[in-house]
Amino acid sequence: MPELTNDPEKAVSTGTPMAPEAAVSQPLSTLSKTETRASEMFDSIPVWRKYIIVFATSWTTLAACFSSTSLLSASTEIAADLHTTPEVVSLSTAGLIFAIGLSALVWSPIAAIVGRKLAYNACLAVLFSLTIGAAVAPNMPVFVTMRVLSGFQGCYFHVAGQTIIAEYFPPIQRGTANGFFLAGTVLGPPLGPLVAGVMMTYSSWRSVLWLQVAMIGLAFILALFFVPASRTDAPVLTLNLRGRAALAQFNPTPVFKQMTYPNIIFTVR
């Protein structure tokens with residue numbers, strides 16, 4: 001009968017078979033250590049802060065989705081004020097939505113380079129500034145420019161919010177957290193025209209944009225103090241990637257390569 005060992009290191013180095021009871025206990029020990037590390041990772045921040053993280057990320061997506069539809073009911077008023085036609089105003093909204101679709105291709109690479117927290121806050125700051133620009137726009141070209149450029153910040157909050165929740169909530173709690181997070185995504189588009197229609201009954205279309213400025217400002221304050229950095233990010237003021245590795249993040253080819261898999265193609269369709 002061959003010699004057996006209870007030492008996994010000796011089994012690997014010498015090829016000696018492990019005793020059955022040791023072979024069974026070893027995977028269980030490894031699994032226990034893995035579960036302990038996972039528990040420590042998810043419990044690294046208190047529960048009350050997790051609730052604020054969910055509210056902050058959901059509120060941010062609410063503000064972004066709200067802005068995509070809020071001026072749909074104001075086309076005639078905007079056209080009269082800026083001396084253009086409602087069709088041109090509608091085209092500016094189409095440009096905004098098109099830019100929203102491309103925003104993740106801009107801000108996700110930036111987050112990979114400078115870190116998620118800095119990118120998240122910078123994205124909110126840019127959106128805040130451009131919304132102010134749209135609110136004070138003196139003519140149609142400035143208004144369209146501010147609106148379309150603001151769209152390049154929209155979709156990133158959906159991607160980053162899901163990542164943040166996955167990083168700080170264990171699987172058994174992640175579904176509930178995602179449900180509350182997606183409330184902002186679902187409620188934003190219908191609330192935009194509804195709230196804007198009521199406001200324009202008593203005020204101008206610019207007041208709707210100032211409401212968006214206030215919403216984005218609150219989101220920025222919450223993100224600044226409560227939304228955590230990624231565990232994989234480098235220290236503050238240190239880049240995660242440099243040189244060619246950083247530039248490679250802006251290459252969208254890997255995203256489109258996924259379309260070669262039939263199951264992904266059917267999911268998209």
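Cβ from N, Cα, C; glycine included.
Look at TrEMBL and you will find 1-26 tagged as region 'Disordered'.
Within its own chain, the transmembrane segment (51-76) has Cβ neighbours under 8 Å at 45, 86, 89-90, 93, 96-97, 100, 124, 127, 131, 150-151, 153-155, 157-158, 160-161, 164-165, 168, 177, 180-185, 187-193, 195-197, 200, 205, 208-209, 212, 215-216, 218-219, 222-223, 226-228, counting only residues six or more beyond its boundaries. Residues annotated as transmembrane segment in TrEMBL: 51-76 (among others).
Marked as domain 'Major facilitator superfamily (MFS) profile' by TrEMBL: 53-269.
If you look up TrEMBL, you'll see 88-106 (among others) marked as transmembrane segment. Beyond its flanks by at least six residues, the transmembrane segment (88-106) meets 64, 67-68, 71-72, 74-75, 78-79, 82, 140, 143-144, 147-156, 159, 250, 252, 255 of its own chain at Cβ-Cβ distances under 8 Å.
Listed as Cβ neighbours of the transmembrane segment (118-137) (distance under 8 Å, sequence separation of 6 or more from its ends, same chain) are residues 60, 64, 67, 82, 107, 110-111, 143, 145-147, 149-150, 153-154, 156-157, 160, 206, 209-210, 212-213, 216-217, 219-220, 223-224, 227, 236. Positions annotated as transmembrane segment by TrEMBL: 118-137 (among others).
Taken from TrEMBL, the feature transmembrane segment covers 181-202 (among others). Same-chain residues lying 6+ beyond the ends of the transmembrane segment (181-202) with a Cβ under 8 Å from its Cβ atoms: 54, 57-74, 77, 158, 161-162, 165, 208, 211.
Sequence annotations record features per position, and here TrEMBL assigns transmembrane segment to 208-227 (among others). Counting only same-chain residues 6+ beyond the ends of the transmembrane segment (208-227), those with a CB under 8 A from a CB of the stretch are 49, 52-53, 55-57, 59-60, 62-63, 66-67, 70-71, 74, 117, 120-121, 124-125, 127-128, 131-132, 134-135, 164, 195-196, 199-200.
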